[in-house]
């Protein structure tokens, strides 16, 4: 494999993951003979930052291949390489000789031009001939032409009279001197004429100049261009070296010299169109890229004025052949149309079209760079041919009114330039009045094809002998650009002759942006610009749902849908069993046994690279099976991988893209998923059963980055799986050291899924800001035993991870991770499918037996198995158990799966939320329900540690980010066990009531979890409730007053709270006070919470003195059987003993609401208020403190699965 290039320092250049290539143009006018030069194209390359994306998927793919280190080539255990003696040497990238204008021009520091050097060129130095020649005989274009004609005529006369060659020599000398003097004067005249035009003020137009931008670019171009040239060489050379399409006889291919020159591209003019839509900006940009005029430059000026030059060298048969492209110039006028959006980066799409054909010119030489080598474009007819080819192939993409579209949001999401941006559903009703071709015996048997350009993406059924066919069929097409019209063809089917196209409809789908669903459409079929029938159809455009990246780097993920577009790329294979000569192999991709991709055949290589990709519309991601077959040139299977689509997507998320092949070797497959809400698709039906649940115990954070100008941030933590939020903590008010003590669960379907913990800052009137994040590698905690079953994992000690923010690494999070495997059980649908397959297999076996009996064969004979029916390597599916509901609920811990099928509501434009147990944020929320009768088909899940005590709550709300404290339109609560019994075997209805009403149809299932070590005490229903702390007395307190006594009182704090939830009265002049006072506080996670007891000495005029501090670790006291007395040692500021305090603890299990409703003026735990009346002081206080209000709440779909507590928080 090729290794990446390095710069002079030995380090890889600090560049992004891709390069952005674009064209800048200008025109060259004026030749010394008065002829007009050709027009030209040039390509400029700009450096890309780390966040930029490759605009060329092929370059991006090959760059990834080239950067793989040789250490990755680890042989598979089953690969026999004992007979392999040598390994084919890969084509290695070669360092360029010159990069940038300084190296190409051989510029040195002492070559810097002074003002005198700038003004002194060859025109400024006259010769002796100029002083004696009369002005009338030289200096114009006809003088130049006359000298050439007369010199040629005199040379011909000398030859005609058969004189010697000597007179010809004198003729050449004389006319060369005359011609040189005339041309120098002519060029001076041309410059004067150009200067005259520049000095005249132009007539006013509606175009604006961009001199300020051009001046800025001119000042920095000399410093920017060398870096751009280095980036181009460093990225292009490894790609060219590893390109599998380069013939094997070419031993080396590289860019030997590259520069964009010292003259930057220019923006000649710009104009903004008026009268466009509010979210559309249309601008005309005139641009040019012209080389320096070097005809009259002296030697020193040539070093500082360098034109564009690219030298590509090809080494074959031991000879290095250079190909030089130089003096690139081009000029054009482009129209740019930008569609804006509210979220960052605020530009959704950019359409670029050329208002007029591009003028371009360049010089090309093969064999060398000197003037003695032949200029390729001098070949008659070649340049016009290139122009025509550009118009033919580039015109349909760029020339107005057609345009090239860039989807900015797609690119920022990491998708390729030509990837799909949505799905177009076409419902074809019927056609009428079709006119076929008149011929004897011909009938019209029409069918339809759908696609873009020449690509056919779908095909209808054929209707026999009719001019008014009726189809009533729906087709789904991936859309890569809305600027390309939809191509609908009606074709006449013929049995023995080639099918003939009857007519075509070109439908502009740009209107789908503003009107995505259009019904009742009709359009005429055209043939030779004449109507030959009419089609009735409807279309609906469904865009891909991309993550929204905020300006601060925070990402709002898209919903995790079961429908969408899967982009699968078969990158390469390695260590195939092909012997010394290698194997000629290609790859075939099958989805649900349908072949969707075949790569090209790579000959004689045990490590073939294909880089072939396809994008397929997926209607049920969870049930899509994937098979990759590696075949030789005789179509014999030499290896395969069997897996499912979810596993491929998860593996790409964590960069585990190498899969072992069944017969030795490995293949690399990358898969990207773009969710699309396809109407009628199985968005929720295809639920992927989890392999288990990851338990995340988030304790606290410290030293967080402070993004506030005044005050401190209000942090909370959220948990994401593959970028989708699954849980979140409450928010702590105004602190850089929050304590959460919360437990959350997230179900996982594969060890390759990416678990992310991100800390966010609550914002009142804008999206929440990220404070940093980090990933947790699940493959380290999710393991299998020798029998192939997943095993339980529990962290033995807390973890600490550093938060990574775009401003750097700042802050730590303390947490712990556990994994509890699920028992694989068959769902009702799987049981039904198994019974149907069994019945079908019995019928097929009976039919086969009858057929064999009729043919006289042995009835029990088995048909020969196909070669590609091998199970292959990939997912090892555990055998699922078939359990009844009674057997399932014997396991009281598990994953509760619920499908919301449909609903009938009294109000529209609402959201349905689901909460379980003590969760403060929803486990599940639907998309916006816009109709009063809606089909939903959405599935959610929740981890239930104790099924017998679990409670399910469904709420209908106006805002999808409302927490549990917010007011609901309607709601209902039901024991989870009862809901499971009611809705397991068949769907049941649940009714929500309140200010509005709603009825939803749900069906539920249960997947047991295995807790070998028992349910953690933090997950018990007894872990949340009201804690009562009665402060009894103290003894042995230190004396703080001059009289040898103290005036002690006690304050009680929960965890790291700043304000106490109870303060006793003061007892004067004693070291053994008695208080007998009690205070109450809500505790959401009793097991992990601590009570801080602070004993103070009261002073009238001065600040109170600290007597001692003690801690009560609640997990050390069993309060389930009644009140428990505790002795609390007290310690002074320096750790010295400060006596003892005695308290009595009692705990009452109760639901704890530890959040405020969105839009309230505080965040933190709700106050207990009058519930906790103290014995001596009156009303005790809760833990909540006043913080900044939250106007917009927490954004996006919340999936918190279990909530602990102990610290202030709210939405």
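Glycine too: its Cβ is placed from the backbone N, Cα and C atoms.
Per TrEMBL, the feature region 'Disordered' maps to 1-52 (among others).
Per TrEMBL, the feature compositional bias 'Polar residues' maps to 1-10.
Per TrEMBL, the feature region 'Disordered' maps to 66-95 (among others).
Applying DSSP to the domain 'C2' (400-522) sorts its residues as follows: 8 helix, 58 strand, 57 coil. The domain 'C2' annotation in TrEMBL covers 400-522 (among others).
Per TrEMBL, the feature domain 'C2' maps to 547-659 (among others).
Here TrEMBL flags 670-791 (among others) as domain 'C2'. On the 0 to 100 pLDDT scale, the domain 'C2' (670-791) averages 88 in the predicted structure.
Per TrEMBL, the feature region 'Disordered' maps to 834-871 (among others).
The annotation compositional bias 'Basic and acidic residues' is assigned in TrEMBL to 852-866.
Summarising the annotation, TrEMBL assigns domain 'C2' to 1012-1128 (among others). Mapped onto DSSP classes, the domain 'C2' (1012-1128) shows 9 helix, 52 strand, 56 coil.
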Exercise for review: Using a Cβ distance cut-off of under 8 Å, indicate which of 400-522, 670-791, 1012-1128 has the most pairs with the domain 'C2' (547-659).
Suggested key: 670-791
**Study point:** the domain 'C2' (547-659) - residue tally per DSSP class, helix then strand then coil
**Key:** 12 helix, 56 strand, 45 coil
Review point. Looking only at the domain 'C2' (670-791), what are its DSSP counts of helix, strand and coil residues?
Key: 3 helix, 59 strand, 60 coil
